[in-house]
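Since the structure comes first, as structure tokens, the remarks are kept for the end.
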Amino acid sequence: METTYIMIKPDGVQRNLVAPILERFLAKGYILRGLKFMNVSKSLAETHYSDLSAKPFFGALVDYIISGPVVAIALEGKDVVAQARKLIGATNPLASAPGTIRGDYSIEIGRNVIHGSDSVENATKELALWFSEGLVDNNPVLRSQIYE
Ligand code: RTP
């Protein structure tokens with residue numbers, strides 16, 4: 001079983017998309033292991049996106065992520081890292097398919113409402129960064145209705 005890091009970015013929060021976005025992941029069957037509504041410090045945003053620090057849009061990206069509160073989410077499930085990326089859709093909303101979160105809820109790459117870890121290795125790093133206090137045990141009986 002894997003766990004991934006999902007973040008509803010400030011635009012998603014301000015546009016009241018927290019509930020519809022969460023609904024998609026939870027209705028699919030992924031299990032909540034962490035959920036926090038929080039402001040993001042500049043240093044946390046810079047660390048999270050450190051791989052992109054040389055990109056020309058890095059400053060604007062950090063300003064965007066710290067522009068308002070985010071919802072930090074840890075989700076557990078079979079193959080959840082790759083599957084969540086599919087549900088989220090392509091980075092640029094102009095390329096993301098209808099039916100995906102970005103395809104349905106956003107227009108511009110610089111306001112693409114949500115983040116999802118792009119590999120199991122990065123998910124582990126991001127979960128340690130955003131949920132340094134650890135994840136919550138969550139073992140609902142209903143799991144037997146999700147997996148065979
Ligand atoms: P994320 O990390 O947010 O889930 O996005 P991603 O893996 O799909 O895409 P990545 O290439 O890692 O880019 C991270 C975020 O940077 C912003 N971005 N802006 N202006 C631009 O050309 C540009 N390119 C990327 C987006 O917010 C993207 O999600």
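Glycine is treated like the rest: Cβ placed from N, Cα and C.
Residues LYS9, PHE57, ARG85, THR91, ASN112 are recorded by TrEMBL as ATP binders, and the candidate that the same record lists for that site, out of ARG24, ARG102, is ARG102. Each residue contributes its Cα atom, and for THR91 (ATP binding site) and HIS115 (active site, pros-phosphohistidine intermediate) those atoms are 9 Å apart. Listed binding-site residues: LYS9, PHE57, ARG85, ARG102. Those with a CB atom under 6 Å from ligand 1: PHE57. Taking every protein chain shown into account, THR91, ASN112 are the binding-site residues, and of these the Cβ with the most other Cβ atoms within 10 Å belongs to ASN112. Under the DSSP three-state reduction, PHE57 (ATP binding site) is assigned to coil, being neither helix nor strand. Long-range Cβ proximity for ARG102 (ATP binding site), meaning a same-chain Cβ under 8 A and a gap of 6 or more residues, is found for ILE88, GLY89, ALA90, THR91, PRO93, SER96, ASN112, VAL113, ILE114.
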